[in-house]
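*Asks:* Per TrEMBL, compositional bias 'Basic and acidic residues' is recorded for 1-10. Feature annotation from TrEMBL assigns region 'Disordered' to 1-21. Marked as transmembrane segment by TrEMBL: 31-52, 64-85, 97-118, 154-174, 180-201, 256-278, 302-324, 345-369, 375-397, 409-431, 437-456.
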Amino acid sequence: STMRERKTTDPPHSSTNLGEGKEKLRLKQEVGLVSGVSLIAGTMIGSGIFMSPEWVLHHMGNPASSLLIWAACGLLAMFGALSYAELGTIIKESGGEYIYILRIFGSFPAFLFAYTSVILVRPAGLAAVCLSFAEYAVAPFYPGCSSPQVAVKCTAAACILLLTLINCLNVRLATSVMNIFTAAKLLALLVIVVGGLVLLARGQTQSFQNGFQGTTVGIGAVGVAFYQGLWSYDGWNNLNYVTEELKKPEVTLPRAVMIAIPLVTCLYLLVNVSYLAAMTPSEVLSSGAVAVTWGDKVLGSWAWLISLSVALSTFGSSNGTFFSGGRVCYIAAREGHMPEILSMVHVRCFTPSPALLFTSVMSLIMIASGNFTSIVNLFSFIAWFFYGMTISGLLYLKIKKPQLPRSYKVPIFIPVIMLMAAVYLVLAPIIDQPQTEILYIIPFIFSGIILYFPLVRFKCHPRFLQSITLHLQLFLEVAPTTRDAN
């Protein structure tokens, strides 16, 4: 059958099982509804809402159409999350797109997703958010001038190392950090919203007069505007990466989605209105960091609160990205698509520490290379290609396998709209405004094809890898995991 049969017993491991004779190791179910909402909202609200509004406005040409893009991005994120919620109740495994592509389409496309995501997309996205955190954290120490790149990169690297420590020690500690920072960033956004409402009450509505004048109509420009807006909504699918760690996933997953995404969408729209109430469109476009400019205009001597809020927001978002990104690496290794050591869990902390350490190392390499000017377009192109593939898998299951048990069903028109949007977002910028960075993806994916057949398909593993795995297992105090058959 096309719906691939999954393993329900422990795979044979050549390495020594440190947990032998004890309770079988598995990740604990410690993510409840509050933590689930925090993981989604906390990852979505990162640097994007403080940086992207000027770029959405730039590509759309006027305030009213840019607000429509923000609303459409929120609706699209909601449609995607609801579609994923149904997938999460059919395939109750962690791993997000990776595990859905694996179970529906098979090993080869799933490997290409894992390879691209684990090596490039997740580490690059994490590095970009950590660099944003570092820019705001370092800025107060260099007033009146740009911060030295060495200081920024060292701060970003320290942020990644701290996140690695938090996430390796304890899942509950990582979710607590998410909850605290989500509360802090929501408070910061509420300050901006209230400030904007006060300005509107005083009659500062000039930016909204003739709001649709000069709207951009090019399909490529609209596609890139969506990329910039959707970058701020990225994280709507994060709960699907940790399905096995959810308490009552069939209930928690849909509820968390229905709470978090409308909340974030409303906040984003109100924050954009606040920006435009305080500044003219030309001032927004000329601002290097629109939130900081808003703080200077509205808060005066208290403007430093905005810089602090952005630093807290980006740190919390980095934690959510790291938490879920490490799970993709862990699940892919558990399925045999990554080195075996990455599928193991610490015998006392019950965290996938090897996978988290690998993600950390790759992100540090990305920070060292340091050029992230095109990260949003590159990230969005790859992400929406695989989103489209995943949604097409859901449509296949709804049409061909309606008898599969699921506790939540999304109306079929929602994944259809989501698939059409994914096709548009992948093709429109290529047709209208080809981006050179997209060309780099082709040889990278081709290198994954070369690796797949000898290492995964035919399992040609050099013998010294077994010895390395054994020594790393003993050094890191990790063991293979098991899982329940759902």
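Glycine is treated like the rest: Cβ placed from N, Cα and C.
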*Asks:* Which one of these stretches, 97-118, 180-201, 256-278, 302-324, has the most C-beta pairs shorter than 8 Å to the transmembrane segment (64-85)?
*Replies:* 256-278
*Asks:* Which sequence-distant residues neighbour the transmembrane segment (97-118)? Criterion: at least 6 residues beyond either end, Cβ under 8 Å.
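*Replies:* For the transmembrane segment (97-118), the sequence-distant neighbours (Cβ-Cβ under 8 Å, at least 6 residues beyond its ends) are 2-4, 6, 87, 91, 237, 240, 325, 328-329, 331-332, 335, 337-338, 358-359, 362, 382, 386-387, 389-390, 393-394, 396-397, 441, 444-445, 448-449, 451-452, 456-457.
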*Asks:* Name the range, of those listed as 31-52, 256-278, 345-369, that has the largest tally of Cβ pairs under 8 Å with the transmembrane segment (302-324).
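*Replies:* Selected stretch: 31-52, with the most Cβ pairs under 8 Å.
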*Asks:* Could you pull out which residues elsewhere in the chain have a CB under 8 Å from any CB of the transmembrane segment (31-52), counting only those six or more residues past its ends?
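*Replies:* Hits for the transmembrane segment (31-52): 77, 81, 129, 132-133, 171, 175, 178-179, 181-182, 185-186, 189, 228-229, 231-236, 238-239, 242, 245-247, 252-253, 255-257, 259-261, 263-264, 267-268, 271, 289-292, 310, 313-314, 316-321, 323-324.
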*Asks:* Flag the pair the transmembrane segment (154-174) / the transmembrane segment (345-369) as in contact if three or more Cβ pairs fall under 8 Å (sequence separation 6 or more).
*Replies:* yes
